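A quick write-up on the structure given underneath.
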Amino acid sequence: MEILHSGSLPPHPFPSSPFPDTCFLHLSPHNRNFFPLPKSKFRVSTPRIIGFKHSTVSNHIHPQTLLPSFVDTLTNSSPTEIGDSISLLNRCSTLSEFRQIHGRIVKLNALKWKSSIGNKLVVLYCKNQWSLEDARKLLDEIPNRTVPAYAALIRSYCRSEQWDELFSLFRLMVYEGMLPDKYLVPTILKACSAMLLLRIGKMVHGFVIRKSVESDVFVGNALIHFYSNCGDLGSSRSVFHSMQERDVVSWTALISAYMEEGLLDEAKHIFHLMQLDGVKPDLISWSALLSGFARNGEIDLALETLEEMPERGLQPTVNSWNGIISGCVQNGYLEDALDMFSRMLWYPEDPNIITIASILPACTGLKALRLGKAIHAIALKHGIVGNVYVEGSVIDMYSKCGSYDYAEKVFVKAENKNTAMWNEMIAAYVNEGKVEDALGLLRSMQKDGWKPDVITYNTILSGHARNGLKTQAFELLSEMVQMGLKPNVVSFNVLISGFQQSGLSYEALKVFRIMQSPSDGCNPNEVLNLSMRPNPITITGALPACADLNLWCQGKEIHGYTLRNGFEPNIFVSSALVDMYAKCHDMDSANKVFFRIDGRNTVSWNALMAGYIYNKQPEEALKLFLEMLGEGLQPSSITFMILFPACGDIAAIRFGRGLHGYAAKCQLDELKNAIASALIDMYAKCGSILDAKSVFDSEVEKDVPLWNAMISAFSVHGMARNAFAVFVQMELLGILPDHITFVSLLSACARDGLVEEGWKYFNSMEISYGVAATLEHYTCMVGILGGAGLLDEALDFIRQMPYPPDACMWATLLQACRVHSNPEIGERAAKALFELEPDNATNYMLLSNIYVSSGMWDFAKNLRSFMRGRKLLTIKECSYLTVGSHICTFKGGESSHPELEEILEAWDKLARKMELSGYFPLDPVFDDEEKELDPFSCLHTEKLAICFGIISSNTYRPVHVSKNIRMCIDCHTSAKLISKIDGREIFVKDVCFYHHMKDGICSCQDRW
């Protein structure tokens, strides 16, 4: 840029205006291209007249004592009386007095023949922001309005940021042939700047040039600020160069313009040139410089500027500190913002409204409730809590920190409420899940005369959609339209994401289709007959709905839409696409989308890793994690929440310990207890109950999920008494159990065959703890009864329970029948399962095993033939074994392992020893010709994994194997015998239990 090389600012005169004198006629009400604003609503004034008492008028008496006498004596309209009223009007000091005089003037009919009185009244009303409605009513009634009256009301609207009313009035002013003077132009430009109305602002600029008022320094400064705020730096520079006179405000405005564009070096250079030009920077100039640095994330430069100010003879003011604090918050440096706030108080400098409104979001982001309360106390101490922005920030802080009672108290006590504050409180109720209370507050808002805006309704819609209240959500949408509020893309987005989150994925996709084609025949409500272009947020709501419903084709169509509209580069859209394809079992497409992402972040890596785990490929997820680290990305709390279960699924304890160490090194504060719970579950599934207990004991603040994780860990290992002890400890500390606690306790009873204890916990749930029994608890009781061999009692229990049995319950009973070889009840359970899950091959296999264990070979053969005829496919079995740092995978039907010959040789040796001990396979497999295969062949993957563990590890070292489905009887029996023959411990984790085999005995006591 020239200015950086020349050291001076060459003139760049703004080109002559293309706009004629009549340029403002574009603002007439007949021009629908102008900013769409409501027509004037007020046509008849009804002044509020207060009654008077009789007294004598004297010019030497205060106006308040003059008013009663004056009003009573003016009974006839005359020029003298009207003159006296004008004289008295000039001496009024309160709004009440203005209204009394106004009432009498109306009775004298003075407004119709002397408009100057009305214009004077308008100007006086405009001095009070609470009387702007009266001023507008009066202005509408005056026959001959003047520019000063218009200007006074326009400026008042600008101060109160009532932009719609401002432009509506300005349009009326221009339509009546009155044009703004050089004193009003800056106000109009400020309004254009606030609303980012670049076209209208340029029209004003053209008028300025045409009327030769561009030389006015105030007008020039307003133009620089307007163009800067609208992102037109070039025009800001042109205006600056064309100014014949520049003051410190002009230079400061240009510095701010460069800062807004992130051109920090150029802004510093302008600051230097200002001083070379003989203009001394003032406090506002310095504050603009340091706040610009802070907004652009250069906090160190902002602090250097702050420290330099005293050296230049200027002491930082509260606005200087506010610039740094708000910059820190905007860039996510929340702790730095709090540090700056503390330094400001020690400086010392008292905070103002902007300080408190800026610093409270830092407390909100850090969930620092105690700090937020302290700052609230500081605001109270300095008497600045009556401001709507401060109180709105306080409400937001309390609600987002979970202190809803405090938020409600602040809201109730607030004297000056605005729509934004009502919205904050409604959002607080919605976030707390109190949808009915939020709706009640909306009704109170309307009753108190406040008009809800689009944000109000979007917040309420979000709450109803997230809670699955479909009908009520559409009724609110209809009400929104009836109130003249047009739903925007956010309205549809909250419905789509909310329905998806509440499990109404079909309804979410229906709204998505309506959004694109409102007349496609599936519109549930006529108010939705408006087309709306989906944005990236819409896509991230619709794609999970496709994933939930496994709708690959619809997801593919949405992917096509994202490509046509250029949305795929959006990291959230691409991550949602990865997730959708993964949940639709299309990992190839998921990978293609993932590797097309530029600038992959942790979220996108998490999506692909979760996809691999969802598709039963946990080893691939762990490999992907190492690739992520190789690209220099840091894992998040969610990353560990994804990977710890993966380690548990394949019993990769060495990898899990490494992850544990890495997580501790990262010092993640988010989801701390959730990560600890995942760690406990991972160590338990990897067979290290001691490590699980160590993690549990290391946590100081234990929540209910953490206690549940420990109880479940002992349950998985068949250590019911330890699980009961943890529950007793939980009770002694006054922590109330939830429904998951009792699921874990009842599961522990089922695994250890503790029928009496199971009944005790089941019967005490609702009576002693207020936890209603769910279908899951009833299923656990069926497992307890069935595991103890009480199959008839279990069947009676199912018949008497208040819930219809589901597939899980019948499968639990069927498994118990397999353990106790009861084909009669097993057939009943299987029949129910075949109706509920006709294509689930596992149920047929269980019944076949029951037939085999009962010696019913023909039934078993016929059932397997039926399965082949139906082409029912069982889940492809897979076993995992960790050898050193390598995860070995053994998949059913594959024979590609490089050491397969050595594995089979080891199995042959073990099989011979088992045969000598009298063992015979309990789960024979038939080929297509119904001939029995070699019963001692190594068919199942856990046998391969165990053999490989034996030949690849030191003698007596435990072997840890994980399998993705339940162990069969034969593999379970074989593993027990191998633990005795080879003299080593064998750990096998399947989907139901953790088997610890030692000296021929399993910890499950053959109840799995």
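A Cβ is built for glycine as well, from the same backbone N, Cα and C atoms used for every other residue.
Fair warning: this is a prediction, and the values are worked out from it, not measured in the lab.
TrEMBL has this to say about the protein:
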- 146-180: repeat 'PPR' (REPEAT)
- 247-281: repeat 'PPR' (REPEAT)
- 282-316: repeat 'PPR' (REPEAT)
- 317-351: repeat 'PPR' (REPEAT)
- 418-452: repeat 'PPR' (REPEAT)
- 453-487: repeat 'PPR' (REPEAT)
- 488-524: repeat 'PPR' (REPEAT)
- 601-635: repeat 'PPR' (REPEAT)
- 703-737: repeat 'PPR' (REPEAT)
- 738-768: repeat 'PPR' (REPEAT)
- 929-1008: domain 'DYW' (DOMAIN)
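For the repeat 'PPR' (601-635), the list of distant contacts is 571-572, 574-576, 578-579, 581-583, 585, 587, 590-591, 594, 642-643, 645-647, 649-650, 652, 655, 662-663, 666, 878, 880, 887, 889, 964: same-chain residues at least six beyond its ends, Cβ to Cβ under 8 Å.
Panel annotation: around the repeat 'PPR' (703-737), residues 673-674, 676-678, 680-681, 683-685, 689, 692-693, 696, 744-745, 747-749, 751-752, 754, 757, 769, 771, 993-994, 996, 1003-1005 of the same chain, lying at least six beyond its termini, place a Cβ under 8 Å from a Cβ of the stretch. For the repeat 'PPR' (282-316), the model gives a mean pLDDT of 85. Residues 283-284, 286-288, 290-297, 299, 302-303, 306, 309, 358-359, 361-363, 365-366, 368, 371, 375, 378-379, 382, 384 of the same chain lie 6 or more positions beyond the ends of the repeat 'PPR' (317-351) yet place their CB under 8 Å from a CB of it. With DSSP states grouped into helix (H, G, I), strand (E, B) and coil, the repeat 'PPR' (146-180) comes out at 26 helix, 0 strand, 9 coil. Per DSSP, the repeat 'PPR' (703-737) is made up of 26 helix, 0 strand, 9 coil.
When the domain 'DYW' (929-1008) is classified with DSSP, helix, strand and coil residues number 24 helix, 17 strand, 39 coil.
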